[in-house]
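**Student:** Sharing the feature lines straight out of TrEMBL:
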- B:12-35: transmembrane segment (TRANSMEM)
- B:42-58: transmembrane segment (TRANSMEM)
- B:64-83: transmembrane segment (TRANSMEM)
- B:95-120: transmembrane segment (TRANSMEM)
- B:140-160: transmembrane segment (TRANSMEM)
- B:181-206: transmembrane segment (TRANSMEM)
- B:212-233: transmembrane segment (TRANSMEM)
- B:240-259: transmembrane segment (TRANSMEM)
- B:271-294: transmembrane segment (TRANSMEM)
Amino acid sequence: MTGKLNVSNAVAALMCAALMLLPLYSAVTGNIFILTLFTRIVIFALAAASLNLIMGYGGMMSFGHAAYLGIGGYAVGILAAEGIGSGFIQWPVALAVSALFALLIGALSLRTRGVYFIMITLAFAQMAYYIASALSRYGGDDGLTVYKRSDFAGLINLSDRNQFYYLCLACLFGGLYLIWRIVNSRFGLVVQGVRSNEQRMQAIGFHANRYRLVCFVISGTICGLAGALLANNTDFVSPAVMYWTRSGDLMVMVILGGMGSLFGPVIGAIVYLLLEELLSQFTEYSGLILGPVLLLIVLFARGGIMGLLGRMRRG
Amino acid sequence: MYLVVEQLLNGLQFGLLLFLLAAGLTLVFGIMDFVNLAHGSLYMMGAYFAATFVAWTGSFVLGALMALGATLLLGIALEYVALRHLYGRDHLDQVLATFGLILFFNDAVRLIWGPAGLALPLPAWLTVPVQIIPGVYYPAYRLMIIVVALAVAAMLYLVVMRTRIGMLIRAGASNREMIGALGINIKLLFTLVFGLGAALAGLAGLMQAPILTVQIGMGENILILAFVIIVIGGIGSIRGAFMAAIFVGIIDTMGRAFLPDLLRKVLSGAAASTAAPALSSMLIYLLMAIILVLRPEGLFPAARR
């Protein structure tokens, strides 16, 4: 994000322009499917971007990030089921609960490092998964249908395809802007400093874990927002959203796109979900191709797609 | 009382099964420093191979042995073709690559065996209940799992602690570079260890197969449990994995069996029936979180690298 004209920045700019113009294309061609597909992609891009904040910049490999998707979604779904349909209540609650959950598990998980951190975040996400499965009042294993999307007092109509898409896109761009500001702030530099050398940061007087924890909470909150959007998008929320393979999907998006680059996770989400969708159109067995593709990317394209683009830098 | 004994045995049996899975995982993790999410897929393949071979040969034992060999070969092939290029890479790269392998194996199984699950019927001599103490009957097959798993655990202990190969494995776990520098063919050793881990996973899968259905995705749930075990036990420690596996197996089984009744005494009926399944499924994760918070390196950490 230095404003230099290079391949990665050009791709990022093109991608943003394409995302903004997509409803126009959909309206002209009458292709509604692509709009619904990209609404989903944009939401997952936001979730992946939030994971990138702690993984790429903070060096915290959370393997339980999908928990926030579920928590944000259940906050919306449960409030809706209890007759509170206003988005002005639902969404702040979704964010607050996600933040609280992140604070709680972050405070405990950050005592560990490396693989142990990966596993403990996974454990907490699995707990959230089982709690959701046991909520028999709210559908239990089968999930909870959200009969009415969040109501924003006429300001914006979430049931309108285009308006909802732009809302999601605005959340994505807002989230990316926030992450960009964080990463370049003093706070963000400390977090990145802790990633590269914790002892040194401690030695010059920073409470490494405190910075880490705040970063962890911010990331969880952003992902909770993605969860609220996702519940509105699918009109449904189920424990499956929090299952560990979902967290794996998010991780894959981040690594595929390029960890520690602002637009990497967005590209990762687009490529991963598009690939999944395209493959599923001409074969039932998309994993037979997608799996080896992931393997090949790891083997031959370090740094993900953004890393590849960065190597074709023009100057 | 009889119920407690029965559930304890169930817990032991489940724990031993988990140990077979966790032993391979912890060996691969401890020695190659390799996070293998596809370990659950090898467990699944073991079950599918067994269901197929038992149907072919008509003999349970013969089919199981063939399945064991097939999983061993599959593991070695997998290591040779793909995974050996990932040693020494970032853990995240390994997670991504092996996550891709899970997708691959799940759809490969769907393509070959179809989406519906398979059943692996037991031979008649394994379905009879056995009287273990007066008045308590226990299924012969589950008893056999306990015996086989204990025998394998003992064998593993002997191999690792008393043979030359085992010495190399232990040396590899404490310092990889050093044993390479001492002229040991470390690539071959890694392939062997991976194959051994795959065979153990396959054994766990094929032994579990008659109890549960053989289905796609069966490896994913249990993989996470195996990871929990090696984290609780301390990564790279087989002894830790053994203790943790039995601990987890018993706690999980006992929790599922008795927690609902216990809760009903404390809470109202409705609240208890909601809380009990969640709490009993969460118990293990809760346990792991507590252990990691108190002892971040696990209960029995392996020697420092």
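Glycine is no exception: its Cβ is also placed from the backbone N, Cα and C atoms.
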**Student:** Taking the transmembrane segment (B:181-206) as reference, which of B:42-58, B:64-83, B:95-120 has the most Cβ pairs under 8 angstroms?
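**Tutor:** Per the Cβ under 8 Å count, B:64-83.
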**Student:** Ranking B:95-120, B:240-259, B:271-294 by Cβ pairs under 8 Å to the transmembrane segment (B:212-233), which is first?
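**Tutor:** Highest pair count goes to B:240-259.
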**Student:** Can you work out which residues elsewhere in the same chain, 6+ from the ends of the transmembrane segment (B:95-120), have a Cβ less than 8 Å from its Cβ atoms?
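**Tutor:** Contacts of the transmembrane segment (B:95-120) (Cβ under 8 Å, skipping residues fewer than 6 from its ends): 35-38, 40-41, 44-45, 47-48, 50-52, 54, 78, 82-83, 86, 206, 209-210, 213-217, 219-220.
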**Student:** State the residues, same chain only, that lie 6 or more residues beyond the ends of the transmembrane segment (B:42-58) and have a CB under 8 A from a CB inside it; answer 'none' if no residue qualifies.
**Tutor:** 21, 24, 64, 66-68, 70-71, 74-75, 78, 105, 109, 113, 118-121, 197-198, 201-206, 208-209, 214, 216-219, 222-223
**Student:** With a Cβ cut-off under 8 Å, give me the same-chain residues at least six positions beyond the ends of the transmembrane segment (B:12-35) that come close to it.
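**Tutor:** For the transmembrane segment (B:12-35), the sequence-distant neighbours (Cβ-Cβ under 8 Å, at least 6 residues beyond its ends) are 42-43, 83, 86-88, 91, 94-95, 98, 142, 145-146, 149-150, 152-153, 156, 169, 172-173, 176, 190, 193-194, 196-201, 203-204, 207-208, 222-223, 225-227, 229-230, 233, 235-238, 240-242, 244-250, 252-253, 302.
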